[in-house]
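According to Swiss-Prot, the active site, proton acceptor annotation covers Asp128. Taken from Swiss-Prot, the feature ATP binding site covers Gly11, Arg72, Cys73, Gly102, Glu103, Gly104, Ser105. What Swiss-Prot records for Arg21, Ala22, Val23, Val24, Arg25, Lys155, Gly186, Ala187, Glu188, Arg212, Lys214, Ile215, Asn216 is ADP binding site. Residues or ranges marked as Mg(2+) binding site by Swiss-Prot: Glu103. Marked as substrate binding site by Swiss-Prot: Thr126, Ile127, Asp128, Arg163, Met170, Gly171, Arg172, Glu223, Arg244, His250, Val251, Gln252, Arg253.
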Amino acid sequence: MKKIAVLTSGGDAPGMNAAVRAVVRYGVRQGLEVIGVRRGYSGLIDGDFVKLEYKDVAGITEKGGTILRTSRCEEFKTEEGRELAAKQIKKHGIEGLVVIGGEGSLTGAHLLYEEHKIPVVGIPATIDNDIGLTDMCIGVDTCLNTVMDAVQKLKDTASSHERAFIVEVMGRHSGYIALMAGLVTGAEAIIVPEIPVDYSQLADRILEERRRGKINSIIIVAEGAASAYTVARHLEYRIGYETRITILGHVQRGGSPTAFDRRLALSMGVEAVDALLDGEVDVMIALQGNKLVRVPIMEALSTKKTIDKKLYEIAYMLS
C-alpha cells in the first residue's frame, strides 16, 4: 500500500482534526502518500482531493471543527453516487480510505467496501455517543464539558430568579449527553428518548421540591425525547409558574477538544492506519475499556447502544 485518503463526514465533532493529523503524520512516517478529501462524501464524488504533507496538519490538534470540512451527501446514499466515488478513488490510485464520522458516515464506508471492495477503516466521531461496541466516540467528552459549563451558568441565574430552566441538548436517538450532563450538574430531571416521560409525575416532583424550599429547577431534555417547548408547555400548565428555555444547539459541536478527546483521536488515527497496512479492512476502531480494538463496522452499527438505566436511577436519586 502506497497511497491512502482520509475524510470527515456528517456532523462535526471536536477532535476530528486531531484524528486527521494522526492519520497524516503517522501515514507519512510509514512511507505513505496521504490524500485529504474535502467536504466528506461530496468531495469524494467530485474528486475534491488534496495531498497532505507533514506540515499541512501542524497546529490543528487543538482546533474544533475539521480542516477538511464536512457535509451530508444525499447523492452518496444512492448506488450511482457510490459508484462515482469508487471511480474517483481508483482513478487517483488510492488504496485505502479512513472515514471519520458517525453512524451514517460509517455505513457509507461499509457500503464502499461491500459494493466496490474499497479498503476502508472507520473512526467513530459523534457527540451523540450512539455507536455500538465502543465505550466512547471522539467529541463526546468535549461536548459534555461544554454542556456542563452552560448548565452551571444557567443554574446561577435560575437561583437568582427562582425559575425552572429547561435545557435542550443534542441526542436524536440517544440520551447519553442529557443523562451525563444531568448527572454531573445535579439537574432535577432528565428526559431521554429511552425512557418515557410522565409529565404529571415530573410536575409533582418539582412542586414537592418547592415545598421543601428549593427555589429553582434545571430540567435537561434530549432533543429526540421531546422539544423543550413541549416540556415547558406541560410543566407550566401543571406547576403554575413560568419556565425559561435554553436550546444549546450547535455550540455543543464546537470548541477546542479536551485532553481526553485529543488523546482518543490521535490514538484512533494511528490505529486506523495500522489496520489498513495490516489488511484488516471494513472495520471500525473502538475503545473498549482502556484498549483500542478493531471491530466489523456493521457489527458495531447493528449493536444497539442505550443509556445505563442504573446510572439514570442514580442521577434521579442524587438530584
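Just so it is clear, glycine is given a Cβ too, placed from its N, Cα and C backbone atoms.
Sequence features annotated in Swiss-Prot and their locations in the structure.
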{"residue": "Gly102", "record": "ATP binding site", "DSSP (3 states)": "coil"}
{"residue": "Thr126", "record": "substrate binding site", "DSSP (3 states)": "coil"}
{"residue": "Met170", "record": "substrate binding site", "DSSP (3 states)": "coil"}
{"residue": "Gly186", "record": "ADP binding site", "DSSP (3 states)": "coil"}
{"residue": "Arg244", "record": "substrate binding site", "DSSP (3 states)": "strand"}
{"residue": "Val251", "record": "substrate binding site", "DSSP (3 states)": "helix"}
Fewest other C-beta atoms within 10 angstroms, as judged across Arg21, Arg25, Arg72, Arg172, which are the binding-site residues: Arg172
Number of other Cβ atoms within 10 Å of the Cβ of Met170 (substrate binding site) across all protein chains: 24
Arg25 (ADP binding site) - helix vs strand vs coil (DSSP): helix
Proximal but sequence-remote residues of the same chain as Cys73 (ATP binding site) (Cβ under 8 Å, at least 6 apart): Ser9, Gly40, Tyr41, Ser42, Ile45, Gly81
Recorded positions compared (Glu103, Asp128, Glu188) - highest count of Cβ atoms within 10 Å: Asp128
Nearest-integer angstrom distance between the alpha carbons (Cα) of Asp128 (active site, proton acceptor) and Arg244 (substrate binding site): 24
Fewest Cβ neighbours within 10 Å, where candidates are the binding-site residues Lys214, Arg253: Lys214
Same chain, 6+ residues apart, C-beta under 8 Å of the C-beta of Val23 (ADP binding site), given in sequence order: Ile4, Val6, Val34, Val98, Gly269, Val270, Ala272, Val273
In sequence order, the binding-site residues (Thr126, Arg172, Glu188, Asn216, Val251) whose C-alpha falls within 10 A of Glu103 (ATP binding site): Thr126
Additional residues surrounding ATP, by Cβ distance to the Gly11, Arg72, Cys73, Gly102, Glu103, Gly104, Ser105 centre under 8 Å: Ser9, Gly10, Gly40, Gly101, Gly108
